[in-house]
Amino acid sequence: MNSKCDVVVVGGGISGLAAAKLLHDSGLNVVVLEARDCVGGRTYTLRNQNVKYVDLGGAYVGPTQNRILRLAKELGLETYRVNDVERQIHHVKGKSYPFRGPFPPAWNPISYLDHNNLWRTMDDMGKEIPSDAPWKAPLAEEWDHMTMKELLNKICWTNCPRQFGTLFVNLCFTAETHEVSALWFLWYVKQCGGTTRIISTTNGGQERKFVGGSGQISERIMNLLGDRVKLQRPVVYIDQTGESVLVETLNHEIYEAKYVISAIPPALGMKIHFKPPLPMMKNQLVSRVPLGSVIKCIVYYKDPFWRKKDFCGTMVIEGEEAPVLYTMDDTKPDGSYAAIIGFIAAHKARKLARLTKEERLKKLCELYAKVLGSKEALKPVHYEEKNWCEEQYSGGCYTAYFPPGIMTQYGRFLRQPVGRIFFAGTETATHWSGYMEGAVEAGERAAREVLNAIGKIPEDEIWQPEPESVDVPAQPITTTFLERHLPSVPGLLRLIRLTTVVSAVALGFLAQKRGLLLRI
């Protein structure tokens, strides 16, 4: 016997549950089918006596992420600021350099020009890319055929900014520079507010976390929906050839609906059989957008000893020998459960996954002791980690990335409906895609597409702006006059050559006027 409803939502992460909540609040009968034994998708809050609670998946929120902040507030959740009071550390070539601000400073004048030009150039290129249609950028084809490795080599004159740009790609996208399309990268950074916003803690994407963990968002929506959320129900078959759409799960339950919302990573669409088959371009798209590789690691200590040394816990670590490339303070807001969270990303995640959990912890502690200059780092009291590459119902983390050539060929089909199937998931968002904010935007947009299809709202209400959060207001990202107008290294060299030529001509003219040149 089939279970009947108005809408089946495939996927019980934040995007699917945000869609289900909006549809439920609009009076529709909705069922959510989640493959795992818990909701949350790529967010997961672990609870035990050693950690109280810890986010092993998506966790951070900040200014301009207004949808997730609004939804969390509706659900009764509060945020707290991630510690960013003390100094950060940039560890490079075996030495630690304290700094403040979003980016480590460059003391070499030539390197400073190169660093500054890298961030300004990437932000300027991003301004040419439409957030809702990156394939329409004037130079979309050229940029999409280029890897980020090629773009960094093209922009950077010196090695230091090239290496830091590589770390930036590894950290933000959990992929290697040769794996990622320059167009997709530039779009991704642009729709997150630019290079400074995406990398910053204060006034950036990592400013805050949720008290009690981000997993509560999905859990509280599940509590509102009750038995409409079905766990351990992997969807394996969707048939929309009849009057209703039939959705079958791995345990052979069949749900009959008017519409379906797919709120899973695009690549997981390959686990579902469709009748009729997906259109050609959509069918090929889902096999061409892999997810990144990351192991999230949290080391606990008896106290936040790094703060005594005037360090906030943020470490930017360069070098192939270092297991993690970025850390942050993960101590609870009341100062309890002192911890440092680190990210093993991209090829390092694939490499270090071969080690045991104990071996990874040892490497982390040895690295932290070296970077922080403290043997206290060698004395952890507890350790938790999550290898997202192992998750068959995620495929990786944080998000799907687009290899070269894919965005311009297939990008326009990412959220295009297929019959009575609509597509959500953070990858389909146009603002903070890859984050919890993007998940909410995508889920609510897909829900409004369904509401439009049944005649409840007009088409022009599908996409809706979001008012700025009163509790977490955004400050503008500013640059100095010098940062905006400094030349690149090649520009400086051209200026020097031009100045030299002009000076030589002027001296020659002056000498001739004064009769100092020999007459032949």
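For all residues, glycine too, the Cβ spot is worked out from N, Cα and C.
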Residues flagged as transmembrane segment in Swiss-Prot, choosing from 166-192, 490-516
490-516
For K52 (N6-acetyllysine), what residues in its own chain, 6 or more apart in sequence, show a Cβ-Cβ distance under 8 Å?
K332, S336, Y337
Report the mean pLDDT of the predicted model across the topological domain 'Cytoplasmic' (1-489), rounded to a whole number.
98
